[in-house]
């Protein structure tokens, strides 16, 4: 009789409850190249040994339940169970441990981030034996990542489509995010694109409200794009947010965007859901649309240090589900992001092969094989004085997005865009000439401002603006 069909009739079924660690804590297990590996930060309840807590996580996120069941004998648990194969204390934290769990690949549906998360984090986070639980990292084996399409196009294809090389891309979120009419919204888009930006953007909560229905916004933004392209000779885009209450409505909006001939659409992937996002990503590849991803709601999931899911996991999931851009923090602006940790998941978004590096929060070596990369988007409370630091931190393969830092310019939207474009070009030129952006950044901006009155005005407005709060996301 095969292992999968062998029963326990010969030994008799013994009902009852036994410790998880007897079955799911396997410190001698050697991980396989095809296993999905997870690193959980576990905070057990008082009196619960870390081995039992780690084993409980492995059990409840794979084949286990609270009691022995008769149907265990109808399959091979050794083949399908998750295994807690290593536990280590968290330095500097009391009663916190990193539990490493290996999952056999057969537990997961191919090409489904939804199923992967339903298994690994779907139920275990409410387990009473744990005070708190955080998924810090996942190792996605090539055998699984190859079942995903991934980003619709990727970094190089996007550059080729836009004919823009050798520098970060520049964007702007239109403000106020809610309340503008479609025509005034389109006017703001045109002014920003005419001034030198590559992209403008719908804010995450701009969908189809009474003051501005989606079809009207799409039409006026398309008009703005074509007018700005004709005047500047550059390819322009606006992230048209296709997020909607149903997948059918979302696809209808994406189809209309394609019919208008615009280059890019947008989706809120966490509030919209991974199933909807993957469907949209497939449509975008098939129809030549770039896909910008907003991470609205991420901080509800990832901001607490001891409970939830770290953003590096959500970033990996997005690369699998599909997106050409994703917001990734700024390090220097108003939103969360500690430098080394942020650069860790930026590399996980962009690079093909990323070595394990615990100093940057990377618990596993990740090999994406040929899955296209994702451009990280720096957005939130940034302005021209941040440009040298952003250029140095994020490099060329990034999108730098200035909302208030464009639209808050004292002379208007187009001069605000000019100021940002001049600051960026000055920083890129200085870097290419061998200057140190970290040390000489302010001087570089001041030099450029001498021949750009728009930049000089922006420098004066934002010279005192800083967001100096400690990052919550630390190792």
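Using the three backbone atoms N, Cα and C, a Cβ is placed for every residue, glycine included.
The structure displayed is predicted, hence computed values, not measured ones.
Swiss-Prot names 123, 173, 177, 295, 379 for binding substrate. Of 86, 238, 327, the residue it gives for the same site is 327. Looking only at the recorded positions 175, 201, 203, 204, 294, the one with its C-alpha closest to residue 123 (substrate binding site) is 294. In the structure as shown, the Cβ atom of residue 123 (substrate binding site) sits within 10 Å of 12 other Cβ atoms. Spatially close to residue 177 (substrate binding site) yet at least six residues away along the chain are 203, 205, 206, judged by Cβ distances under 8 angstroms. Candidates 175, 294, 295, 327, 379 (recorded positions) were compared with residue 204 (Mg(2+) binding site); those inside 10 Å Cα-Cα are 294, 295. Neighbours of residue 294 (active site, proton acceptor) among the recorded positions 173, 175, 327, defined as a Cα within 10 Å of its Cα, are 327. Within 8 Å of the Cβ centroid of the Mg(2+) site, not counting the listed residues 201, 203, 204, the chain contributes 173, 174, 177, 202, 205, 206, 239, 241, 266, 294.
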